[in-house]
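These came from Swiss-Prot, pasted as-is:
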type	residues	note
ACT_SITE	Thr102	active site
ACT_SITE	Thr178	active site
ACT_SITE	Asp179	active site
ACT_SITE	Lys257	active site
DOMAIN	92-423	domain 'Asparaginase/glutaminase'
Amino acid sequence: MLEGYRGKALEFLSSHNVDVGDLIELQKDGLSIKGVVMPSYSKEDDIIVIKLDNGYNIGVSISGISNFKLVEKKRQNIQVNKGEQKPLKEKSEVKIISTGGTIVSKVEYETGAVRPALTTEEIINFMPEINEIAKIDAEVLFSILSENMKPEYWIKIAESAKKALDEGNLGVVIAHGTDTMAYTASALAFSFKSLTGPIVLVGSQRSSDRPSSDSPINLYSAILVAKNSPFAEVTINMHGESSDTYTLVHRGVKVRKMHTSRRDAFQSINDIPLAKVFWKEKEIKLLRNDYIKRKEENALDAKFDTRVFLLKYYPGINPEIIEYLISSGIRGIIVEGTGLGHTSTEFVDYFKKATKDGVFIGMTSQCLFGRVNMNVYTTGRLLQESGVTPLEDMLPETALVKLMWVLAHESDLDKIRSLMLTNFVGEINYRHVPEYFPRWFHDGIRLQ
């Protein structure tokens, strides 16, 4: 099956009896190219995608190809069953729960497909050094792109993590796509009232078939943290710099993906990470001592009301959107306001009506760094008088997930406000220091 191919490329490959996963060799522009045919996602209909021996994919136009040869056909039908896992002969210390993403996926070169590593043995083969630090067990809970994550899946992840910890695992590693990982981390953090061990979310910015992949180091250090760290919090463990020296363990409610593709994309905001992990030395260096310690039991309370909305203010936005949201049944709105927490004064009357109808309005800042302070300017004071609740230094995404959790437990508006301002798991930092703000590079660089 020539997945993704159409037009000229489909006709060309079909005429040579080539399928995805077949090994081919060709000559083009004086170069000899040999590799495995991969599925195509190209907008052009004359491109063949080939995986080279070095792990990289290239696109080759069929125009000008000479001496095309099918070297070897290899086709296997692979079925991935959700929840499939292989029983362990001995009790595990760390449970790995896969939800999707590239972190524990591998390329099946016989078919050209990317599939999750299903068994404990496959993960050990992925990075044999894991055997040196922990006994692991692995499970595929589901395999989805992180943009398809939903609150109902958060509950399933939380239940699976609790089960793993109740069974005696020292910690849990959750493999997750990076784009919405921070949302899931916040959801799990609010769902657990106590934990016997850490829940470590881990992902990969570079897929495992690429030489520059961050998958092995991120996974290895996440397992190290899950087993050996003294804290029992929901965290995110990702590269701390662009090289492979260390990873950083971020508190799940104070972290954000701040770059589309860098390996060190995840950064703690208005906070410092919990720990730095030097994976080669197998060392966890604690960066703070105010972490939540391991408890005697795992207490789970995972419920979410999805009738919420994240509203990003911009100049000229029509305040009538608030009326629409109220009429659609929304129970709470998190506003990403400007600066210290502002919208135009045109919103004041609409916010008054919303709060009168029992709708919670919470204010965060688009600046991300710093906290909202709605007592400085007249606009902020007017917004507060209309019923808007300033949410300290909470990240907008964290505030949104927290509101889902709060609304699932409370209906009284005053109590909702009180809960939103309660610092449950470190989502609010009352004291900021200059070190929390990144120092951007200000010296000149020469661009070639």
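Even glycines carry a Cβ here, placed using N, Cα and C.
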Measuring Cα to Cα, tell me the gap between Thr102 (active site) and Thr178 (active site) in whole angstrom.
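If we compare the Cα positions of Thr102 (active site) and Thr178 (active site), the gap is 9 Å.
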Restricting to the same chain and to sequence separations of six or more, state which residues have a Cβ under 8 Å from that of Asp179 (active site).
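When sequence neighbours closer than 6 are ignored, Asp179 (active site) has Ser146, Glu147, Lys257 within Cβ distance under 8 Å.
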Neighbour count, 10 Å Cβ-Cβ cut-off, for Thr178 (active site): what number do you get?
23
With every protein chain in view, how many other Cβ atoms are within 10 Å of the Cβ of Thr102 (active site)?
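Other Cβ atoms found within 10 Å: 23.
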Let me know the model's mean pLDDT on the domain 'Asparaginase/glutaminase' (92-423).
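Per the prediction, mean pLDDT sits at 93 for the domain 'Asparaginase/glutaminase' (92-423).
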Per DSSP, to which secondary structure element type does Thr102 (active site) belong, with helix, strand and coil as the options?
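Reduced to three states, the DSSP call for Thr102 (active site) is coil.
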For Asp179 (active site), which DSSP three-state class applies?
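For Asp179 (active site) - judged by DSSP and reduced to three states - the answer is coil.
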Taking DSSP as the reference, which of helix, strand or coil describes Lys257 (active site)?
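In the DSSP reduction, Lys257 (active site) maps to strand.
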